């Protein structure tokens, strides 16, 4: 049976190769192939008849294709010689003929590719998985290329059809007199066509040949409402508007970011529904947490859990929701900077600089020790330790809203120390992101190149320190020469109109954010410095701006904490509850103890009591570990299991943080200060 299949394959290949011969030779080749097949002992008469008929059909198709190609060449020559056609019409007709020629050649090539693929499959070893995988990859590449060619041809046919319709309209207009309105509309139509040609970017054609671009198979899913009951016209309209969703083979979902036709306004209805749903569900969740004595942010996190992948899975635009939530972090840190004046920063700058550095080094040392005992790679140990050493600035900022502060002369305010250390951790975050790729390469390098890798790390650290110096120099210039006149101008223009004030302050926040980003420093630090610069203008300025920005901050903070809930997986926590509780308590206790130890060494004796409060504020893991963990998982630094453990420990530590903070403030804040806060 295998011999018969191989002989049939040989016959088809020989017939396909005969297209290079003259037309008259096709019949002889077919007869010769049949004789060869009979000589190998084909047993069934029907088999002989089938081979004869199909060979004749294939030979006839090849002859017809040759005849049609000759006719198309003659037609192209006659069109080019026709003096009655305009140059544009000649180009159109010639292009149409060339499209048909391409269709014939591609159809013939697809037959060759199918035969060659069958030949490779028959010659391969069915036990060799690598060989079958390579064959599958080659077929996939061929299909992708064929899909791209077919898509290009389809677009060309659409353009030809459009040109044909326009030519028909022009002929109709020439045969009848046009009214003034028709002439105006015709001019507008031509101008609109020119506009579409000018703004169209041809992104597909420009990027498909770029190095590193891959062709992928995707599924196009219509809106949920696009079922069988909807009429065809409405479906066609939505198809033109690009309201579908694309899903690739890796289950990533994509939405439209920039349409081909930019003249039609569009809206992402998935994103609108997601924000509306989060806003409605956040109210009862936050209300419930307030009634039982928990911070409202836990209600917002619970809202994200209920709507996210581990709950109802109703949030479609997860990336867009997280992006909008980042603005909640920006405005939160701006308001923190408003309350954290440069004078107070100057008072605790040594503690803010030394504390996070010592804590990070101690966390890395403990991580390397445990990693050596558990046989974990050093790079993975350093990464996990650095992630766990960071604390949540937005969460602590919410704790400090309305908290009592010691303003006595000579006394150090625990909120100033805590916020200063958190700002330094944000700087460390930017430094860690910049240094980590080189550190990973150093861990994988040989001993002879370790010195060079250390030098590269030191150079990167020097660049970050230089960027920080440049940022603070820019802040000094802005504080001395620009911020005063800028605010006075905003205040004068915004009398009776708060829009100018809100827009001006937001623009200043985004300016500082952009400056720090361009200098490779964290954007969060830029937002904090923007608030600190404005707070230097006085208490009245701070109060006015805070009253305008706080409502915006509150709404965006709801989105931010809900986006954190999207990455909380209760089922995983329940399955591994014992392990996760042990790990979370170990991390929280270790961070608390290390913070107490470090602060005991760097705080003055008169302010030793605040070390317990500051340590309680630092004894949780920052939500930025979600971002770092996702990057590390994509880079192959950590496994999927370690990534889920980091997410779960971070979430549980954030849930424990309010209880620890409340206990520390109740026990350690002096009584007169506690009474003043009631």
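Think of each number as a place in line: the chain as shown, counted from 1.
Positions of Cβ are set from backbone N, Cα and C atoms, glycine also.
Nobody curates TrEMBL annotations by hand; they come from automatic prediction.
Feature annotation (TrEMBL): of 580-603, 604-627, the stretch labelled transmembrane segment is 580-603. TrEMBL tags one of the stretches 339-357, 358-376, 377-395, 396-414 as transmembrane segment, and that stretch is 358-376. Relative to the transmembrane segment (358-376), the listed stretch 580-603 leads the set 319-338, 555-575, 580-603 in CB pairs under 8 A.
Taking Cβ pairs closer than 8 Å, the transmembrane segment (319-338) reaches residues 255, 268, 271, 274-275, 278, 393-394, 397-398, 400, 419, 509, 513, 523-524, 527-535, 542, 545-546, 549-550, 552-553, 555-564, 566 in its own chain, all 6 or more past its ends.
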